[in-house]
Amino acid sequence: MKPHLLLIDALNLIRRIYAVDANQKHHSDEQMLKASCARVAHACSKLLSSTKATHAIAVFDGDKSWRYHFYKDYKHSRAPMPQILKDALVQFKAAIEETGIVVFEPINDEADDIIATLANKASHNNISSVIVSTDKGFLPFLNEHIAVYDYFKKHYLDQDSIKQRFGVEQKKLVEFWAFAGDKTNDIPGVKGIGTKSAQLLVNNYSSVEDALNDDALSASLRKKLTENMDMYVISKQLVSLRTDINLGFSLKQLRLN
C-alpha cells in the first residue's frame, strides 16, 4: 500500500474541542476534561479512518520558537492557554497515543514548522499527506500531494476557497501576508497597507521590487513600501513556515500498526 501521511496540528484540535466543552457550566472540571479527551480521541480515530492513513503524527508546540526571539511582539496579544488545560495536556497526549498516532513535542519549534517540514519531505517523495488544522498558515503548501482539512467545518481547503477568502491566488499568500500582516499572530505587515492594497500589489506585481520599479505605482504606496521595507522583510520571514527542521525521526517510525 502506498504511504499516506496524516499530520495533526494537536493544540489546534485540542483547544477548539476544549473550548466547546468548557462552556458546559454544569460539568465539573474533571468531567469537562474527560469529555474533551474522549472527543479528541474520537476525532483522531475518525481522521485515521477517513484519510485512510498509513502513517500518522500529532505535533505539539515546543517552547518559544525562533519567531519569538526574532520579533518580540509575535503573538503577544494572544490569550494564554487556560492553566487547567495546560496541566491536562499529558492526558490528551495519552488519549491520542491510544489511537495509534505518534505524539511529538519538539524542544523549541512550533508545530507549524514541524508539520510543514514533514509535508514538504513527503511531497518531494510523491507521498500524499493531509494536514488537519484551521491554521491558515498551512495554505501556501497546498499541492497535488498536500491537502489541508478543517475538521470542524468538515471540508478540505482548495484553490477556489482560498481565492474567495483572501482575494489572491494560493501561491501568493505569503507575499500577501507580508504586506497586509496577520493580526491573529501579531505580525505587523507594512504600515498603512491593508487588505485592498495588499491584494492590488500581489495581483499586479511579481515581487515588491517589481512594484517599486513600476512608474505607475501610486506615490502613496511607493512611500509606504520604501519607508517600511524592514517590516515587510520581517513579516515575510514570520509568515513563512520552515521546511528544514531537523526532525530526528523518519517516516517509517510514524507507521500505524
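The backbone N, Cα and C atoms fix where each Cβ goes, and this holds for glycine too.
Here Swiss-Prot flags Asp112 as Mg(2+) binding site, drawing on sequence analysis. Taken from Swiss-Prot, the feature K(+) binding site applies to Phe179, Ala180, Pro188, Val190, Ile193, supported by sequence analysis. As annotated by Swiss-Prot, domain '5'-3' exonuclease' applies to 169-256. Per Swiss-Prot, region 'Interaction with DNA' is recorded for 192-197, and the stated evidence type is sequence analysis.
Annotated features, which come from Swiss-Prot, shown on the structure.
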| residue | record | DSSP (3 states) |
| --- | --- | --- |
| Asp112 | Mg(2+) binding site | helix |
| Phe179 | K(+) binding site | helix |
| Pro188 | K(+) binding site | coil |
| Ile193 | K(+) binding site | coil |
Practice item. Determine, to the nearest whole angstrom, how far the Cα atom of Asp112 (Mg(2+) binding site) is from the Cα atom of Phe179 (K(+) binding site). Key: 21
Practice item. Report, as numbers and ranges, every residue of the chain located at least six residues beyond the region 'Interaction with DNA' (192-197) whose Cβ falls under 8 Å of a Cβ in that stretch; write 'none' if there are none. Key: 167, 179-180, 221, 224-225, 228
Exercise for review: Excluding Phe179, Ala180, Pro188, Val190, Ile193, please set out which residues of the same chain place their CB within 8 Å of the center of the CB atoms of the K(+) site, keeping sequence order.
Suggested key: Ala178, Gly181, Gly189, Lys191, Gly192, Gly194, Ser197, Ala198, Asn228, Met231, Tyr232, Ser235
**Study point:** Overall pLDDT for the region 'Interaction with DNA' (192-197), taken as the rounded mean
**Key:** 97
**Study point:** Winner by Cβ contact number (other Cβ atoms within 10 Å) across the binding-site residues Ala180, Ile193
**Key:** Ala180
Study note, to complete from the structure: Cβ proximity for Pro188 (K(+) binding site), under 8 A, sequence spacing 6+, ordered by residue number, returns Asp73, Gly181, Met231, Ile234, Ser235
Revision key, fill the gap. All chains considered, the count of other Cβ atoms within 10 Å of the Cβ of Val190 (K(+) binding site) is 24
